[in-house]
């Protein structure tokens, strides 16, 4: 309705509140149930240009998938010309490519078929920020892993095998958590419930952690770091961990605020530690 | 460079109740006064050292050596200011302060100290002088502010001298980094090449060039921020409450 009189402010960018300093009203709020009298005053705030979460996720995840492959196939102008379109002689490099690609394909499929988003949109400027982060780091890591002068891990096959086990375990774990979270929420709804362990052993970590999806994500990248023994990958893991910790702490605090009976044993991201 | 922050306090996030930071407590204030007095004194020592060395030698050349140690000591000591913000006794942004202090420490250690050939350049004197005058004014400004007796002269100086000192310092810094480039390239200083065990490389020469380029967007922003602050602080003759 507001959109009709002000066409440039489509619903996703409207923030309507009853009090200028209060919280925004939700999409589901009904006028009859709001604490107003015979006349109501609403305050409008422009949230800025918006873009859907799905669009952002698809863009930010497709980038690393494609960019890594450019380096893997040694497309011209990256390395010295004599290496154009050659392949690495180290089998771990091929394995790393498979793992990295699998990781991002999984993320894309989850975005399309698994996740149920609370908010439809986010501010437009986020896509530039997020893509710079994902695409930039992907290029930086891929450059070294696929470099003609790449050095395989010090402890060879043992190290790579252990790393692969950790990586796969955490990928399955991460997926299990995403499914469990999806099942908390009926299709099309935005309800929030406390997540609990299910029959799937990978979800038993909910006993100790509020955001095990982040825990498993950290584990996956630690596995990938071990597999490639590449310092830029370690940096990426560290930065990602820092950001996920911030998110986990926020989510944990929201859970505590919203649910009186929230299990006290849980930590945000690392059991007992963080 | 001076840090001017307004309302960057942690209370802005609204997830906690009415917890307003009323500024540092008595003990913190006493500590900060001592800190700022010591820093003022330190930079005065550097200023005096420069003047005496100039009078003794009769030339501007090579004055860096006469104040090398106190410069390193007091400039590095400024790292404490990051801690002050982190702990909350100073209401500035940790990130902004961290960035400013680290850039100074970088120039002092990673450029001037590390590359001997650059130490006799005149550009070094240019930024050292700019830093010295700026810091003497800045630290005395903080000292007086904490004691709630800020002479207008100091406030005026803090928000006026930067107009000349800031470009002067930036020029000195850029010229010094530029002078360092050939030596870094020749010796491969702080650089790591492939192949190596951790599959990492770093080219300090390219890094320095990137640092120089970063001045282009950063310097105008910081400069015009100070100009805006100046209009606000000095624009009226009424006394404003302590502005950082």
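A Cβ is built for glycine as well, from the same backbone N, Cα and C atoms used for every other residue.
All TrEMBL annotations are machine predictions without curation.
Between the stretches A:5-27, A:28-50, A:51-73, TrEMBL puts its transmembrane segment entry on A:51-73. Feature annotation (TrEMBL): of A:113-131, A:132-150, the stretch labelled transmembrane segment is A:132-150. Distant neighbours of the transmembrane segment (A:230-248): 137, 140-141, 143-145, 210-211, 214, 217-218, 221-222, 224, 268-269, 274; these residues of the same chain sit at least 6 beyond its ends, with a Cβ under 8 Å from one of its Cβ atoms. Between the transmembrane segment (A:132-150) and the listed ranges A:51-73, A:162-181, A:202-224, the one holding the most Cβ pairs under 8 Å is A:51-73.
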